[in-house]
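Going by TrEMBL, these are the annotated features:
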type	residues	note
TRANSMEM	20-40	transmembrane segment
TRANSMEM	52-73	transmembrane segment
TRANSMEM	93-125	transmembrane segment
TRANSMEM	171-194	transmembrane segment
TRANSMEM	233-253	transmembrane segment
TRANSMEM	259-282	transmembrane segment
TRANSMEM	294-312	transmembrane segment
TRANSMEM	318-340	transmembrane segment
TRANSMEM	361-381	transmembrane segment
TRANSMEM	387-403	transmembrane segment
REGION	425-453	region 'Disordered'
Amino acid sequence: MRPKIPADSILRLGDFRQIFLADSISQFGTQILTLALPLVAVVSLDASPLEVGALSAAESLPYLLASVPAGVWADRVRKRPLLLATDVARAALLLWIPIAWWTGLLTAAQLIAVAFVFGLLTVFFEVGYASYVPSLVPRERLIDANTRLQVVQSVAQAAGPGLGGALVQALAAPVAVLVSVGGYLWSAVCVLLVRGREPLPGRADGEPVSWRKDAAEGLRAVLGDVLLRRTSLSTACFNLFWAVGTPMIPVLLARDLDLSAGVIGLLLTFEGIGGLLGGVLAARAARRLGHGPAIWKATLVAGAGFTMVPLVDTGWRLSLVSVGLFVSSAGMVVYNVIVVTFRQSITPDRLLGRVSAFNRLLVWSTLPLGAVLGGLLGQLLGARTTLWIAGLATTLSFLWIYCSPLRTLRDIPEDYVLGGSLTGTARRDADGSGESASVPGAGGAGDDRTASA
């Protein structure tokens, strides 16, 4: 049995605290690399635009290729050794960059290969990590754990690239990579300090393991359950049109409004601040509104905020891009925390890796499609019109949740079965006509988490 802890002291739980520290350090290391690696290519290697594009593709391609194998693998092995191995491997891999640079051996092709392998290792780390947290935290405290993890992610996304830029300025890009190497080694030490014993996962039915059957079981879990399916479709739709609009923001600000890079950077910093506010509000929203209403309302708020961005113009209307991104980021973080907690609460432990992996595949595969579509629309219609389309479409993505049983579903019964129907107690909780069960992760009447979920 997991120990009970006071409502305000989730970090007093030693094993979760170590994993929290490991993820925090890992997040900052990864965000520093988002700027450091392209600068290594451009500044140190004089890479061509094609090579820089290939580097970006090498970093993101593993999420499409390796998410499902990572999910199947994560459900078959102990999570702690998996996290430890991937942290050490990432540190060793990145160490090659400054060594090869110092010795004059580093090439653009090597950098692309390193980025691809690094992406593979990161996929395995993130999938294993997402399925490890629920085993370290009491079920009713999951939302507090995910809130803290999401806040750290928001801080890392806001501050990491700036920190990376400062390190590159002070040390040179290849040397700045050493900071990330140290971060991943520190993360490995934190994982090593986790003391809880983790049983070896096994199949519930005792059948021999089969990669194809295990993968199919994970896909059925995501698509066969109305609650998981609807949240995945809503997130995929939102991500698609978010990717359509975000590349047009710098085009609109720099080309159409002729703003300097410094002013643009200042306007966009408010997005990270909004994410911090969302992390603070997530648990309160789940507690007061219930899971389902909080999810669709957070989506609506995030889309409405994004719709404010194309209203930007000179004068006081410059602030609208900051306000819009602030509101949108806050809504997205509230959504992410509650949806991740919701998914962890209703998914059996033996399926957590595969459900997380298939969800990532479904909701992140729309990002490259959205980026291409945004470029085409921007070319044909202009940046402002493309942003209007993106803002309205992201707002409408809440309908996937609203037009489903999640619309009024406040609580999930303790005996809810993945893929089951919302009948009996669950339906009474959904329409408000029955006595609510305890809210997994969010807290019921007696109780007081990632880019997209």
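Positions of Cβ are set from backbone N, Cα and C atoms, glycine also.
Annotations in TrEMBL come from automatic prediction, not curation.
Highlighted: of the candidate stretches 20-40, 294-312, 387-403, 20-40 has the greatest count of Cβ pairs under 8 Å to the transmembrane segment (171-194). Below 8 A, the CB atoms of the transmembrane segment (93-125) and the transmembrane segment (20-40) form 3+ pairs separated by six or more positions in the chain. Residues 130, 143, 146-147, 150-151, 154, 231, 235, 249, 253, 257, 259, 267-275, 277-279, 281-283, 285-286, 291, 294-295, 298-309, 311-312, 442, 449-453 of the same chain, all 6+ positions outside the transmembrane segment (318-340), place their C-beta atoms under 8 angstroms from a C-beta of that stretch.
Note: the stretches the transmembrane segment (233-253) and the transmembrane segment (52-73) are not in contact (fewer than 3 CB pairs below 8 A, sequence gap of 6 or more). Between the transmembrane segment (52-73) and the stretches 20-40, 294-312, 387-403, Cβ pairs under 8 Å are most numerous for 20-40. Long-range neighbours of the transmembrane segment (387-403) within the same chain, counting only residues 6 or more positions beyond its ends whose Cβ lies under 8 Å from a Cβ of the stretch, are 230-231, 233-235, 237-238, 240-242, 244-246, 248-249, 252, 292, 295-297, 299-300, 302-304, 306-310, 374, 377, 381. For the transmembrane segment (20-40), same-chain residues at least 6 beyond its ends with a Cβ under 8 Å from one of its own Cβ atoms are 11, 52, 55-56, 59, 83, 87, 94, 97, 101, 106, 111, 115, 118, 122, 125, 129, 145, 148-149, 152-153, 156-157, 159-161, 163-165, 167-168, 173-174, 176-177, 179-180, 183-184, 186-188, 190-191.
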